[in-house]
Amino acid sequence: MNARKILTVIAIAIFLTLLYSHNLLDVPTGLTVDEAAFGYNAALLSQTGRDQNGRFLPIFVLSTNGTDWRTPITQYYLAGLFKIFDPSVFLLRFSSVIIAVLSVFGTYFLARMLLSPRAALFAGLFVALTPLVMIQAHMGLDNIMPVPFVIIWLVGLLNYRGKRGLKWLVVSALALGFSFYSYKGMRAIVPIWVILTTLWLKRDRLIFLSAIAPFFLVIPLLERYYAGAILGGSSPGINNIYDFLSPYLSSFDISYLFIRGDITDFHSTGRHGMLLLASLPSIITGVYAATKSKNNFFRFVLLTLFLGPLLYGTVGSTHRFSRLMALIPLFAILTGLGFDYLSHLKFKFSGPILPAIIILFLINFIDFYKFYLTQYPSVTFNLFGSLQNFHDIERFAAEAKSKGLTPFVEEHSSTGGGESIKFFETIYFGRLLPVVSDNQATPKGTILLTNRKEIPNMKEIENIERVQYYIQVGIL
């Protein structure tokens, strides 16, 4: 790669990073329970090697009062970042920005193996401007984590088919295996993709299956020590064919896919869809071109796309597009293929088609981006709450440090803050603060975070606006 290409890659990476990280702490306005749980345990693991339950380097972390398991890939990815750069709310969210940027470049690299340079660029642009990618880039969650593994899986298959050696088939199998543990929703998708990959391979199937088998053979052992972690508390089943097919078919509901988006406002603006509406013509054209192509890899992509969510029918996952991030590279390939197909059409008005598609993409994305940054925060404030607690703990820690006081937190304030306040305490104090019961004062030489204004034997030194927190100092 020459210097000019390197500079171009760096410039694009910087632009994408700035695009995705703009207003990172303001949109959404607060942390979800899952974000806080990931952040809290990542901070603990980076500092002590133990999770919130005291387990040393567990494969799965049990969080939120023993009700939910954290996926290991994301949990230890965050722990690694926190170990290197120290825990922070910004880094929790920026971790997803990194994955989003890598996904754009990875998609371009994958598409370049199949398509023309212009079509590959368009596939990368498709991922870069996808609304759900932007939304997930602003959240410290695991929804986006499968995307790089899916790209590596497909790149491995292409390199193997290109006679670059069996090692690429093993790489492909390992990537698909790790994706199984990157996000809970992949437990339903990966088995289908393993079957399809095995059927697609003309030879060396045993090598592929041998490489991926350990990821499944270890499940009984994992269930023994982390009961319920694999299925994540769900109970798969089929009541009848209609209940089974409804969630599956909802994964391709055009009105939701391109306009409404995820059924929950946590993962959707409610008007811009999982994918840009402007991408619909390219995707439809790409599906058509894939069925006509002599390259059977495109038909493989079609099958993996349309059969991937099949098992979501067993858990009733309807219109939950945030659980289908793994499909985005597949949509991107079809979008690029559609762009390629349209570029070769020759008729009277064929010239303006491609520029018009790109312009519509940009207009559609700008409309989404503007709404997401300006209106979405107020629309979803009741869902996300505020990060004000984070700044409160920051000021509380500064007071404790500057005055040399021992910090405490009142029980009501601690329990009311949930996983978030635990994460914030771990960021600024490296541990959870001692908790005192309500209506109890702390002795001289201490400082208390409380939601009570008047406490006997304590002196208020700061009233934190907008949130009913007060910083009190013991005087007796």
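Cβ atoms here come from the backbone N, Cα and C positions, even for glycine.
Annotated features, as they stand in TrEMBL:
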DOMAIN    71-221  domain 'Glycosyltransferase RgtA/B/C/D-like'
TRANSMEM  90-111  transmembrane segment
TRANSMEM  118-137  transmembrane segment
TRANSMEM  143-161  transmembrane segment
TRANSMEM  168-186  transmembrane segment
TRANSMEM  206-227  transmembrane segment
TRANSMEM  271-290  transmembrane segment
TRANSMEM  297-315  transmembrane segment
TRANSMEM  321-341  transmembrane segment
TRANSMEM  353-372  transmembrane segment
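In this chain, the transmembrane segment (321-341) touches the transmembrane segment (168-186); three or more CB pairs sit within less than 8 A of each other, excluding pairs fewer than 6 residues apart. 118-137 is the stretch from 90-111, 118-137, 297-315 with the greatest number of Cβ pairs below 8 Å to the transmembrane segment (353-372). For the transmembrane segment (90-111), the partner stretch with the highest count of Cβ pairs under 8 angstroms, out of 118-137, 206-227, 271-290, 297-315, is 118-137. Counting residues 6+ beyond its ends, the transmembrane segment (118-137) has Cβ neighbours under 8 Å at 16, 19-21, 96-97, 99-100, 103-105, 107-108, 110-112, 143-144, 261-262, 267-269, 272-276, 279, 282, 321-322, 325, 328-329, 331-333, 335-337, 339-340, 343, 358, 361-362, 364-365, 368-369, 372 in the same chain.
Non-local neighbours of the transmembrane segment (206-227) in the same chain are 58-60, 62, 69, 166, 169-170, 172-174, 176-178, 180-181, 194, 197-198; each lies 6+ residues outside the stretch with a CB under 8 Å from one of its CB atoms.
Proximity of distant same-chain residues to the transmembrane segment (271-290), defined by a Cβ-Cβ separation under 8 Å and at least 6 residues beyond the stretch ends, is recorded for 122, 126, 129-132, 254, 256-262, 298-299, 301-302, 321, 324, 331, 333-342, 357, 360-361, 363-365, 367-368, 371-372.
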